[in-house]
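Peer 1: Here it is, the structure in full.
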Amino acid sequence: MDGSSGREPGFRDSVDLMFNRAAALMDLPPGLEEKIRVCNSTYVVRFGVKLRGRITTFTGYRSVHSEHMEPVKGGIRYALSVNQDEVEALAALMTYKCALVEAPFGGSKGGLCIDPRAWEEDELERITRRFAYELAKRDLINPSQNVPAPDMGTGEREMAWIADQYRRMNTTDINANACVTGKPIHAGGIQGRVEATGRGVQYALQEFFRHPEDMAEAGLTGSLDGKRVVVQGLGNVGYHAALFLSQEDGAKIVGVIEHDGAVVREAGLDIPSLRSWIVNHGGVRGYPDATFVENGASVLENDCDILIPAAMEGVINLSNAERIRAPLIIEAANGPVTAGADDVLRKRGTVIIPDMYANAGGVTVSYFEWVKNLSHIRFGRMQRRQEESWHRLIVDELERLSADKGLGWTLSPGFKERYLKGAGELELVRSGLDDTMRGAYQAMRQVWHERDDVSDLRTAAYLVSIARVAASYRAKGL
Ligand SMILES: NC(=O)c1ccc[n+]([C@@H]2O[C@H](COP(=O)([O-])OP(=O)(O)OC[C@H]3O[C@@H](n4cnc5c(N)ncnc54)[C@H](O)[C@@H]3O)[C@@H](O)[C@H]2O)c1
């Protein structure tokens with residue numbers, strides 16, 4: 001379902017319009033712009049599964065947008081609204097996202113038209129295995145060709161089934177585990193992948209709030225502490241973003257919009273308790289510690305400092321853009337702001353941290369997981385040795401300097417012990433993600449501030465991404 005008005009282009013056209021705006025500012029060789037923009041291929045499969053005494057036919061998609069780097073990468077979405085236009089738009093965003101955070105992948109995306117809530121777990125397993133079989137036999141799941149991950153409606157459980165199905169079909173492939181990311185830890189996953197996209201949203205906001213010049217563009221001052229936040233979608237991405245921002249940065253989540261309505265509370269919502277209510281009751285309706293709003297989408301227009309759409313595409317469109325009051329929007333979902341709404345908001349001075357950057361935490365940690373699977377070494381084990389010797393050097397040097405200069409500095413025994421022990425997998429993943437989010441933001445903001453013809457972060461992000469994809473095509477040839 002796309003919440004945009006009938007006057008607006010579809011999701012893929014909307015992504016293309018944003019791409020075109022940036023590409024027009026570049027000096028690309030003739031024809032390369034189109035080569036980068038178009039989706040290379042989309043495979044559509046219809047398959048039947050015997051369920052509840054009858055055969056049910058499902059339709060699935062896997063789009064490959066760009067193979068300038070392989071494997072290509074992108075999640076698999078389970079929703080009734082999945083269609084070719086949506087999957088191709090999402091695959092395109094994957095290309096630009098990977099280029100922006102320098103994850104060495106082309107872009108891809110998949111989807112299955114299904115309401116996951118309508119099926120039991122064992123039924124979903126049979127459906128998922130069959131879909132995985134259909135994709136794997138065409139190398140649309142493959143550690144060196146095409147590596148899916150979770151998206152809306154899927155998670156660790158589905159990724160474990162997909163990995164197992166691929167392994168059964170390729171028993172001699174020693175790298176079989178790397179055919180999909182977002183797996184559970186005990187099935188070849190990596191610490192920190194489940195939280196990664198929401199964690200990335202937090203790191204993105206932290207980086208934004210390190211730059212007073214950028215905050216001023218949105219008319220914001222101070223830090224994340226006390227900022228009033230509205231979140232749409234308390235699923236994987238929205239939940240982790242809201243949890244970390246409220247528990248670690250002091251932000252107040254004053255509104256949460258879900259599929260059945262919204263809840264608001266000026267003093268701030270308790271995110272873990274709201275999440276368990278949603279899990280147990282199927283939505284936010286009836287949650288005791290907040291005011292329920294029947295027309296959930298109207299809460300997008302509430303007064304707040306930061307709006308985090310983390311559910312689906314097209315929710316901020318020409319029908320509501322004029323009424324959006326948040327000065328800062330961070331696109332945790334893919335494509336939540338249509339091209340038309342983007343024009344309206346840009347002219348009004350709303351700062352939008354674009355999807356291809358804001359939700360890149362997932363693919364960044366997926367990259368770490370893929371590398372871990374291919375290296376066949378527990379992540380952190382090799383690094384730890386090396387780090388230990390560096391940490392030892394730093395501690396020794398600090399103590400020597402302090403003694404030489406008579407400063408009397410001492411490190412607390414607890415700190416010294418933790419520092420010398422080095423980082424475990426989770427710390428390595430988080431610090432690698434933080435580094436990536438900081439680096440990509442800085443690349444974007446440099447273009448934003450240095451070029452007179454760039455007035456927004458999205459165009460800046462596209463400029464960085466397109467230049468990198470173009471460089472890859474130019475280096476390799478087509
Ligand atoms: N999971 C990832 O790692 C990842 C990575 C990058 C981008 N994304 C993007 O983030 C978005 C959310 O993905 P997710 O993995 O968190 O999905 P999810 O299925 O875990 O959660 C989606 C949430 O949105 C809610 N929702 C559905 N329709 C809604 C509506 N009309 N209004 C309000 N809420 C609604 C659902 O009830 C659910 O709680 C998608 O756009 C996805 O493409 C996800």
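Numbers here mean position along the shown chain, with the first residue as 1.
Cβ from N, Cα, C; glycine included.
Look at TrEMBL and you will find K109 tagged as active site, proton donor. Here TrEMBL flags K73, K97, S366 as substrate binding site. The NAD(+) binding site annotation in TrEMBL covers T197, N236. For D151, the entry in TrEMBL reads site 'Important for catalysis'.
Explain the structural surroundings of these features, please.
Peer 2: DSSP assigns K109 (active site, proton donor) to a strand.
Annotation for K73 (substrate binding site): spatial neighbours M94, C98, A103, F105, G106, G107, S108, N146, V147, P148, A149, T181, V363, S366, Y367, criterion Cβ-Cβ under 8 Å with sequence separation of six or more.
The 10 Å shell around the Cβ of T197 (NAD(+) binding site) contains 31 further Cβ atoms across the protein chains shown. DSSP assigns T197 (NAD(+) binding site) to a helical segment in the three-state reduction.
Proximity of D151 (site 'Important for catalysis') to non-local residues of its own chain (separation of 6 or more, Cβ distance below 8 Å) is seen for G74, G75, I76, R77, L90, K109, G111, given in sequence order.
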Peer 1: Greatest CA-CA distance (Å) over the residues K73, K97, S366 that the record ties to substrate?
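Peer 2: If we measure all Cα pairs in K73, K97, S366, the largest is 13 Å.
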Peer 1: Long-range same-chain neighbours of K97 (substrate binding site), Cβ under 8 Å, sequence gap at least 6?
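Peer 2: Correct list: A103, G107, D355, M356, Y357, N359, A360, V363, S465.
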Peer 1: Out of K97, D151, T197, S366, which recorded positions have CB atoms lying under 6 Å from ligand 1?
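Peer 2: So the answer is D151, T197.
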Peer 1: For N236 (NAD(+) binding site), just count the other CB atoms lying within 10 A of its CB, please.
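Peer 2: Taking all protein chains shown, N236 (NAD(+) binding site) has 23 Cβ neighbours within 10 Å.
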Peer 1: Considering the recorded positions K109, S366, which residue's Cβ sits among the greatest number of other Cβ atoms within 10 Å?
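Peer 2: Selected residue: K109.
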